[in-house]
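Here's what TrEMBL has on this protein:
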ACT_SITE  Asp304  active site, proton acceptor
BINDING   Gly184, Arg248, Gly249, Gly273, Asn274, Gly275, Thr276  ATP binding site
BINDING   Asn274  Mg(2+) binding site
BINDING   Thr302, Ile303, Asp304, Met347, Gly348, Arg349, Glu403, Tyr455, Met456, Ile457, Arg458  substrate binding site
DOMAIN    177-479  domain 'Phosphofructokinase'
SITE      Gly275  site 'Important for substrate specificity'
Amino acid sequence: MEGISHAIAPTLVPLPPKAKTNLRCNGFGSFIVRSKIHPIRVSKRSRVFAEIQNDHRERLDFSDPDWKSKFQSNFEQRFNLPHITDVFQDAKPIPSTFCLRMRTPVSEEFADGYPSDENWQGYINNSDRVLLKVIHYSSPTSAGAECVDPNCTWVEQWVHRAGPRKEIYFKPEEVKAAIVTCGGLCPGLNDVIRHIVITLEIYGVKKIVGIPFGYRGFCDSDLTEMPLSRKVVQNIHLSGGSLLGVSRGGPTVSEIVDSMEERGINMLFVLGGNGTHAGANAIHNECRKRRMRVAVVGVPKTIDNDILLMDKTFGFDTAVEEAQRAINSAYIEAHSAYHGIGIVKLMGRSSGYIAMHASLASGQIDICLIPELPFHLHGPHGVLTHLKYLIETKGSAVICVAEGAGQNLIQKTNATDASGNIVLGDIGVHIQQEVKKYFKEIGIPADVKYIDPTYMIRACRANASDGILCTVLGQNAVHGAFAGYSGITVGICNTHYVYVPIPEVISYPRAVDPNSRMWHRCLTSTGQPDFF
């Protein structure tokens, strides 16, 4: 995890009493059908976090006629957004300073605003909700089924709609807002920074700073905060990377909150993945403990698209698009060579979304390997045997592999990075070496080319799709903070933007469901058999 790590002792998640053996708990009081063809590999980290999530909800007895209402009550309680009034009951809201009157008039005639401003109905009601699940599965055996009970009873699950509120809990002139970017690079970081700053200024905030190089910037005496304004950020979205810089790890939560107190920061916007969000939630809790009137809001940043509940995270679309260049190059190399084999390794520590979507988009992949599905290289059902078949029938082949796939095939080092993540073995190089060795042993010439575009993709600027997503996420992060919410993150759910308590999205990494329609589509595209 990026940012602040927490050690947790692992435990297994027991299935509820009446759950069928082919169902597994998804950590949200729901069950997902376990594919008989593709057994799901549940990592220790996933089991740990699933148990934590399990503890947040009461155990349901499906023989109880009121189980449905109890589930919904528990769900509503878990997804209730932490608010400043939870600690400061006497906090009074003021009319919002965010409105269309902030638009620049084109002439003196409209100096006091346009006629349309008077009837503007652009605020979100606090009672507005977005439906979390939109498919009513009729059976647990339906592809991708996610059911609350073994009978797939329809249960509505609602989350809070994001956007500007009519009343706010911070006076803009008293706000000092800070933005921090943690973890690795991701396309769209600058876009989010830009729109957080612009939206803060529209509210009337004058004091906006960037914390350099992640959480480290709070306590490193060699690093100073960066003043931000519309003028500073106006064109930063035209470049990749992060204006503020990124890093992993950092000081303790207490030290970070001490620094926030000293600096007078009362709004903190945190851009990062699961680990960074865990840190943001810890900062939120520490601020509450000290009775500090601070809003801490996260914006999920993970190129792997592995944040729970979200349709997608920013940078993912760009990554899939940029991966096409590498895949096409591998295809041309393989197709142009005698017995050519192209291997492309893409991002995806725990989740294979980039590899799966990039394979689907290209139409040039013969074998897609992801972390969620174990595979054999050798043996009658192994990858190498299928490669031999492809060479004999097609004359060439292209493999797309996620970086976290097949780690059981590589010798473990037990080394970790600054975020506490296990340093992965290079599965791409391993497959390249094994392919060369295999074809040499069976006496068939093979021309193997290996491409790893990881850092080229991470450093790209966001494409148009991600640019829109980043814009709305940045705006809604500011709206959420001014509405008085803290310890929340903003994302897109069923095409609508929502606020979710941070603990609900960091329980464990979102993973590709091998029984989902999307994975089935990928298998249809590649035509690959099972390798296990």
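Using N, Cα and C of the backbone, Cβ positions are placed for all residues, glycine too.
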Spacing of the two Cα atoms, Thr302 (substrate binding site) and Asn274 (ATP binding site), in whole angstrom, works out to 8
For the binding-site residues listed here (Gly249, Asn274, Gly275), tell me which residue's CB has the most neighbouring CB atoms inside 10 Å.
Asn274
Select the most exposed residue of Gly184, Gly273, Gly348, where exposure means the fewest other Cβ atoms within 10 Å, treating these as the binding-site residues.
Gly184
Which of Asp304, Glu403, all recorded positions, has a Cβ with the fewest other Cβ atoms inside 10 Å:
Glu403
Met456 (substrate binding site), Cβ-centred 10 Å count of other Cβ atoms over all protein chains shown, is 14
So among Arg248, Gly249, Gly275, Thr276, Asp304, all listed as recorded positions, which is physically nearest to Gly348 (substrate binding site)? Use the C-alpha atoms.
Asp304
For the ATP site made of Gly184, Arg248, Gly249, Gly273, Asn274, Gly275, Thr276, how many Å separate the two farthest Cα atoms?
13
If you count the other CB atoms within 10 A of the CB of Thr302 (substrate binding site), including all protein chains displayed, you should get 29
Run through Asp304, Glu403, Met456, Arg458 for me and report the recorded positions whose CA is within 10 Å of the CA of Gly184 (ATP binding site), in sequence order.
Arg458
At the Cα level, what's the spacing in Å between Asp304 (active site, proton acceptor) and Glu403 (substrate binding site), rounded?
11
Just name the winner among Arg248, Arg458 (the binding-site residues) by count of other CB atoms within 10 A of its CB.
Arg248
Give me the CA-CA distance between Arg248 (ATP binding site) and Arg458 (substrate binding site), in Å, as a whole number.
16
